[in-house]
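Peer 1: So that we are looking at the same thing, I have put the structure below in structure tokens.
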Amino acid sequence: MSTTALSAQETPRTSSAPARRTKPVRVRTHAPLTPWLLMAPALLSAIVFVLFPFLNTVVLSFTDARPLVGGSFNGLQNYRDLLADPMFWIALRNCLIYVVGAVPPLVILPLLLAMLVRKSVPGIGAIRTAIYTPVIASVVVTGLIWTWILDSRGLVNSMAQWLGVISAPIPFLTDEFLLLFSSILVTVWQGLGYYMVVYLAVLANVPRSLHEAAMMDGAGPVRRFFTVTLPAMRSTMLLIGVISSLAAFRVFSEIFVLSGGTGGPGGRSSSLVMLIREAGTGLSGRLGYSSAVSIVLFLLTLALMVVNLRLTYRKES
Amino acid sequence: MSLPRTHGSGARRARHVLLSDGETATRRELVVRYLLLLVVILISIGPFLWQLATSLKSIGEDLYSMPPSFWPEEFTLSAYSQVTEVIPVWSYVGNSVFVAVCNVSLSLIGCALAGYALARLEFRGKLLGIGVFVATLLIPQESSMIALTQLVNGMGLGNTLVAVFLPTMMSAISVLLMWNAFLALPKEVDEAAIVDGANTWQRFLRLGLPSVKGTLAVVALLAFMGSWNDFLWPLLILSDPDKYTLTVGLNYLQGTFADNPRVVAAGTIIAVAPLVVLFLALQRVFFRGVAEGGVKE
């Protein structure tokens, strides 16, 4: 196991002579435990802080555990409670709204942006950096910035009122659906630069000769976009679609910050993660119920990954 | 944009501008491009500038004037001194830096060691190890966080900064990135070193690490940004306002100072400015790293 074959350089021989290989020398490359010692920090951390808590979540979801109290098994009661809980359905609906609202712009807009900044026109480095700036800020920071812009007396509302477009302020942060819309806006705004860089890296690999050939055939820029660029980008678009939908299902900070921690009027703009936190924290936290919602979230993301694998392999074959 | 790009006659060529990557563009195309870019830049950094302008406005200035005015009537830093008086912003910055530094160093060490073992050593049970890392990729952090909170509290780490970085330092993605990077080193190099009597540790330090500097930088950046911007986990685990990291502290600031946008704006600028400066200093390394290691197809 812990040896490797070292074969000496073969000397050139005439074709008539039998090709005799030098016998490989077995050399000890490392002690048997070395690989496990090297893996230990990462492996232990993965097991203790990810796999174990997850298995514990599965177990807890079948109990009525509360903090400091062990709790006993109650079968599927948490899942029955969950199906009967209107807040669960609202949170699920909000996550789906988030996916439908955030994913298409996050797949399409960064691609257009990448096409725009691809050419090395003078000053493009500084321009790319400027577009990337929102990515490096934390969601709390950008959330607070947009809270001030979208406030009932903030920039957007007072500008629109001054221009006479609206007579009363639009309740961006206090209406159930507008709050979701505003959060989606922050997510998309912040994701533009990130996915733009991903597209740029892939665009650089599209051979220029393809574009030149299409140009020779008289294809204009729009035509070339649809016949050359889009097909070359398809797998990347699919990847970004999956990554951004996984993130959309797990949304928390945007809605939390824009709603000031409340989850909107009556908590009706909450996401699944907000529900998990809400139910599972505090001294009276319903750990079992919260764990059941966690498992639903896990299954949703898992299903999404399976669908993605299916799609990828079908397209390749 | 729609002008045909012919390269034939000299008269036409005069209207083309040669770009540094060897491509050409017409003047009109360039003008349209720059106009669009201007709009995009305004959308990207405009909100930051608006926040900066708000933070510099004096207490006497009407923030809700119609039409909204961008330039402060008189520039003042009073909002900044106010925010540092009200909440311990600098200690929040210190907490965030401490958490990020621990997170980055532990992540670099753990992921590099594991990636090296997976890529350069043959051993029984390697598939099992890979399986563990891939399995963690399938589990969203959020779906085990309540049980993790219980675990961390049970370990006596509740409400400590150690609890903020310890469970989040390992990232399976980074292990896989390091694994991929170490694979690129030719096998002959290792074999030669073995013949020369170098042990695993020496090979890791002298041959392995120097050849994966780019990926180490990417792993460090991923860990730093993840840690610096993390909000949900520290929000769950920290209950004592003295121990807040910057993100949780800002949220706390918004809760207590919602009536004075200048102070909240000053807090967000303090939070984002160091990151912007760091990013501007490292942007060359960063974009190269992203292009090389981060998103290989």
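Cβ coordinates come from backbone N, Cα and C, glycine included.
So TrEMBL says this about it:
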DOMAIN    B:93-281  domain 'ABC transmembrane type-1'
TRANSMEM  B:34-53  transmembrane segment
TRANSMEM  B:97-118  transmembrane segment
TRANSMEM  B:127-148  transmembrane segment
TRANSMEM  B:160-183  transmembrane segment
TRANSMEM  B:204-225  transmembrane segment
TRANSMEM  B:263-282  transmembrane segment
Peer 1: Name the range, of those listed as B:34-53, B:97-118, B:204-225, that has the largest tally of Cβ pairs under 8 Å with the transmembrane segment (B:160-183).
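Peer 2: So the stretch in question is B:97-118.
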Peer 1: Please report, as numbers and ranges, the same-chain residues at least 6 past the borders of the transmembrane segment (B:97-118) whose CB is under 8 Å from any CB of it.
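Peer 2: For the transmembrane segment (B:97-118), the list is 126, 129-130, 133, 161, 164-166, 168-171, 174-182, 204, 208-209, 212, 216, 219-220, 223-224, 226-228, 234, 245.
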Peer 1: Sequence-remote contacts (6 or more beyond its ends) of the transmembrane segment (B:127-148), Cβ cut-off under 8 Å?
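Peer 2: Answer is 114, 117-118, 167-168, 170, 172-173, 175-176, 232-233, 236.
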